[in-house]
């Protein structure tokens, strides 16, 4: 069945991606009949498939089934909106405004949600969701306190959260850029960190500079400069010719600019005539700036705006003094400016090739140069932008003529050595130079080395040149490393990302955990939660027998690890070839949820070496996992006490009566409880369901018994196991 589901998912995914593109196309270029036909097909598919998907997701879900349900719902809704819009023959502005409104719509915002989470004891928390990271963080926090809330309340909260995730999912394979942050580690990041040697670092410090690639997967992009030019050549056109053939003086001017840009790309010097317009604009800007600065003297307070204008005037004047003509123009040319000019030229070429061509969304709403730094362009990618920025940074730094001078001046050793060499070099054979050498003695020979001043000077000059080369080489290497590092940061931040699998995988595991708990409780076990006088006496008998016994200290470590495993959330339990220890899995579970040190201390102090039975046995009868009114911290403390009581009492019971009764958790069930129960795969033991109405289930000889009192359960197991031994 999974293969058929994957095949349907692939087809629906492709259709949803194409529907997402229709929202940015010229409405006059869209085939209305094709849209209506696809809309009818999707409506029929939803009528037949969506009820089955909902039924499956309410029994045992998977990441694929959850995302497919969202894609079907969103595609049906998007096609319905498109069909209604296209039926009215809207203009381009009306079409784009309806699909991409510039003003917020009335009514509740689909990009925000508030989810109420009920816990035992009447405590509840309200979680605000607005980003994909908020959903993922909520999953991690719920994973750390899964034993503090009932399955029904958890499924209701998870249902609202998954529905909010579906609204963010939309139909596009690209998530909204403002809907996620890549610097927040997800549960998969913590799982990967568990595989790495920490070298004494905490997992939080290891993930401090993480670039999460699981919630939204980064797509490696390649530079696209030159791809569209090749397409133009195949069509028998040239980008420059197309740009100049637009007609009119404006096209002629643009054609001249295009020719200038092309020659800039080839780095050919020009006579500077093409800079007349830019030079005039620069002079006007400089004159207006100087007029603003004219009234400022040293007696006035310094203004940040005036300081910025003064700096700009200073650096622009330094650039003017750098040279004239084509050489200065070539050296001051920016790779980013060439990129913007290339984008504009290709847009003009596209308009010239397809006269009367459709005007799409990016034609009516082009990004500004500053915005294009973050989103790229139609004819250049983010990688092209980052490469241009790197070239501009390195070129700007290397153009400074005083680069080596600054290095020399900052080095005290070189300054001293240079003074000695220059003083001696002016009068190398004279007494004055000899006295300077004798007074300074920068390099005093040892042993039988030559004492000729000429050799000393020659050696010093060689050392000076080598030292300068080393400084220059190291400086350039550090500059290159710095630019590459920041380039990677920009690439991680600005690169295109598509939907990852982490969110739906976490949602499926959490939903399945609470579904299995609800299914397990409702399997039709024999209900022995009513208690009674006989059950009270049986419970008292077991308690009295355990009170005089002590735990085996040799097995205390394994008992503690078992306790840790029972309170480790389903997202942190690993079923892989390289599982981490249970205590490490719990530590990562708490770190991922953002637990504070004092909260971890409460867990580590639950079991100590000298613990006795009176420290954990509850004197109340038939009240296991009964939480009174209190806040979440008190609820968590009480649930931990109940889980500790089950672990220690069953361990002591096995030691006293030489039994091998196992305490299992609902989190260890990897498949549907209904399927495992029907096939008889449920093993014997005590199952901790974390449900207040039926917390303990004893499975023995393929029969189940529900208890609210732990010691009545142990007495029942003692009787059933004794009958089995007697029959043998």
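Placed from the backbone N, Cα and C atoms, the Cβ positions cover glycine too.
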Zinc finger according to Swiss-Prot, located in which of 157-185, 186-214, 215-243, 273-301:
186-214
The one of 653, 657 whose CB sees the fewest other CB atoms within 10 Å, among these binding-site residues:
657
Going by DSSP, is residue 658 (ATP binding site) part of a helix, a strand, or coil?
coil
Limited to the zinc finger (186-214), I'd like the whole-number average of pLDDT.
87
Using DSSP, how many residues of the zinc finger (186-214) fall into helix, strand and coil, respectively?
11 helix, 0 strand, 18 coil
Number of Cβ atoms other than its own within 10 Å, given for residue 659 (ATP binding site):
14
Here are some binding-site residues: 654, 660. Which one has the most Cβ atoms within 10 Å of its Cβ?
654
